[in-house]
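> Take this structure first; my questions come after.
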Amino acid sequence: MQRNAVILAAGKGTRMKSNKYKVLHKVAGKSMVEHVLTNVKNAGVNQIVTIVGHGAEDVKETLGNQSLYSYQEEQLGTAHAVKMANEHLKEVEGTTLVVCGDTPLITAHTLQKLIEHHESTHAQATVLSATAQIPFGYGRIVRDEQRRLQRIVEEKDASEAQKALTEISSGIFAFDNRVLFSKLEEVKNDNAQGEYYLPDVISLILAENGVAEVYHTDDFNEIMGVNDRVMLSNAEKALQQRINIEHMRNGVTIIDPTTTFIGPDVKIGMDTIIEPGVRINGETVIGEEAVIGQYSEINNSHIGSQVDIKQSVINDSIVGDKTKVGPFAQLRPGSNLGSDVKVGNFVEVKKADLKDGAKVSHLSYIGDAEIGERTNIGCGSITVNYDGVNKFKTVVGKDAFIGCNTNLVAPVTVGDGVLIAAGSTITDNVPNESLALARARQITKEGYLKK
């Protein structure tokens with residue numbers, strides 16, 4: 001059966017008090033609408049239409065070709081928003097899911113269960129509900145004496161008795177697609193807000209003795225909407241807790257989950273230890289038995305097994321097995337460290353390959369370079385890669401020893417087994433098994449200060 005989805009992402013989000021479009025605010029490193037779209041796709045939906053309004057181009061840039069788009073010029077209510085998808089879905093068969101773009105905690109599992117319940121009961125509409133301790137602001141689920149859905153009433157239209165109900169509508173629905181777009185034509189705006197409410201489609205279905213169902217989730221957090229910065233913070237905490245718990249149950253030790261921030265797409269191997277204050281984002285993959293030291297930050301990188309990282313920043317890089325990084329090192333984009341490499345304190349690496357066993361232990365900059373196996377780069381050594389206009393490459397062979405405070409002025413190639421004397425500035429290529437010394441001769445004038 002064809003499964004479609006409409007993501008509602010056209011609201012202004014004025015309570016966020018931000019120049020940024022509401023659904024583009026991030027939770028756990030990804031925009032809210034990206035979370036929603038990912039989980040909708042993972043629930044088995046074939047075609048997605050996102051309703052955009054304010055900030056439409058920014059949303060399109062974020063989601064790209066993962067979705068079709070319809071534009072809602074005026075925000076006249078949720079039914080009006082869904083109606084904008086007419087151009088893509090009106091003649092389509094199957095089930096259509098309607099999800100708010102500001103519900104980043106909804107899971108693919110719950111959406112899938114909602115769809116399955118809807119289809120198995122042959123319902124024309126199904127609403128996802130939850131029980132709220134404080135239901136203020138949510139539409140209430142009103143049931144009859146047989147516990148069947150009677151209607152959904154919005155907060156501002158509810159009686160005092162209805163406001164006392166604690167089962168609330170999530171704003172997430174599954175519909176028979178043809179029924180949905182047929183009934184949208186009949187929805188009126190005769191309510192306190194003067195808006196076209198999507199839940200009124202359910203009232204229209206029930207008025208004709210159609211089948212409307214409720215699927216209840218036990219996790220209220222899943223349907224949490226985000227309307228201001230306080231709610232954004234609450235969503236961040238809830239999602240981060242969920243992510244951390246999942247990693248811990250998969251065999252990862254997280255010393256202090258309350259100060260550890262891990263993105264939703266991160267993968268971490270068993271017996272890895274994450275110390276307090278760590279941030280791991282993007283599509284980072286970490287192997288087994290690694291130690292990620294406190295206050296480290298890793299973004300979109302591949303970290304091997306048994307790696308030890310201490311208080312360092314790693315971006316868009318690869319770190320091989322048994323390699324040590326830090327403390328206070330930085331791997332900038334394009335860094336590729338092999339196995340058993342050492343990048344020590346206050347070392348910066350950028351767009352460089354360090355082969356297996358290479359060591360850069362202290363206070364060095366290695367940029368646009370290739371460093372061979374087992375080569376040692378002495379303290380304070382620099383690859384001089386930039387002439388003010390262009391970047392040039394430095395190549396150092398295997399088993400070389402680069403003395404302290406050496407400048408390698410690119411483009412330059414240093415061969416295998418070379419020894420560079422400390423304090424040298426190397427501007428010419430050095431052949432294999434050579435000694436290179438490039439510094440001024442020391443002059444000592446004894447007794448000079450006594451004159």
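Just so you know, glycine gets a Cβ as well, placed from its N, Cα and C.
Sharing the feature lines straight out of Swiss-Prot:
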REGION    1-229  region 'Pyrophosphorylase'
BINDING   8-11, Lys22, Gln72, 77-78, Gly139, Glu154, Asn227, Arg332, Lys350, Tyr365, Asn376  UDP-N-acetyl-alpha-D-glucosamine binding site
BINDING   Asp102, Asn227  Mg(2+) binding site
REGION    230-250  region 'Linker'
REGION    251-451  region 'N-acetyltransferase'
ACT_SITE  His362  active site, proton acceptor
BINDING   Asn385, Tyr386, Ala422, Arg439  acetyl-CoA binding site
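Map the listed features onto the structure and describe their local environment.
Summarised as a single figure, the pLDDT of the region 'Pyrophosphorylase' (1-229) averages 94.
A strand conformation is recorded for Asn376 (UDP-N-acetyl-alpha-D-glucosamine binding site) in the three-state DSSP classification. For Asn376 (UDP-N-acetyl-alpha-D-glucosamine binding site), the count of additional Cβ atoms within 10 Å of its Cβ stands at 17 [all protein chains shown].
Other Cβ atoms within 10 Å of the Cβ of Asn227 (UDP-N-acetyl-alpha-D-glucosamine binding site), summed over all protein chains shown, number 15.
Outside the region 'Linker' (230-250) by six or more residues, the chain places 16, 25, 27-28, 32, 35, 104-105, 221, 224, 257, 260-264, 266, 268, 270, 274 with a CB less than 8 A from a CB of the stretch.
For His362 (active site, proton acceptor), the count of additional Cβ atoms within 10 Å of its Cβ stands at 15 [all protein chains shown].
Taking the Cβ of Ala422 (acetyl-CoA binding site) as reference, residues of its chain lying under 8 Å away and at least six apart in sequence are, in sequence order, Gly378, Gly403, Cys404, Asn405, Thr406.
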> Mind computing the max CA-CA distance among Asn385, Tyr386, Ala422, Arg439, which the record assigns to acetyl-CoA binding, rounded to whole Å?
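Maximum Cα-Cα distance: 22 Å.
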> Quick one: what's DSSP say for Lys22 (UDP-N-acetyl-alpha-D-glucosamine binding site), helix, strand or coil?
helix
> Including all protein chains displayed, how many Cβ atoms other than that of Asn385 (acetyl-CoA binding site) lie within 10 Å of its Cβ?
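Its Cβ shell of radius 10 Å holds 23 other Cβ atoms.
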> Round to the nearest Å and give the CA-to-CA distance linking Asn385 (acetyl-CoA binding site) with Lys350 (UDP-N-acetyl-alpha-D-glucosamine binding site).
11
> For Ala10 (UDP-N-acetyl-alpha-D-glucosamine binding site), list the number of other Cβ atoms lying within 10 Å of its Cβ atom.
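Total other Cβ atoms inside 10 Å, all chains included: 27.
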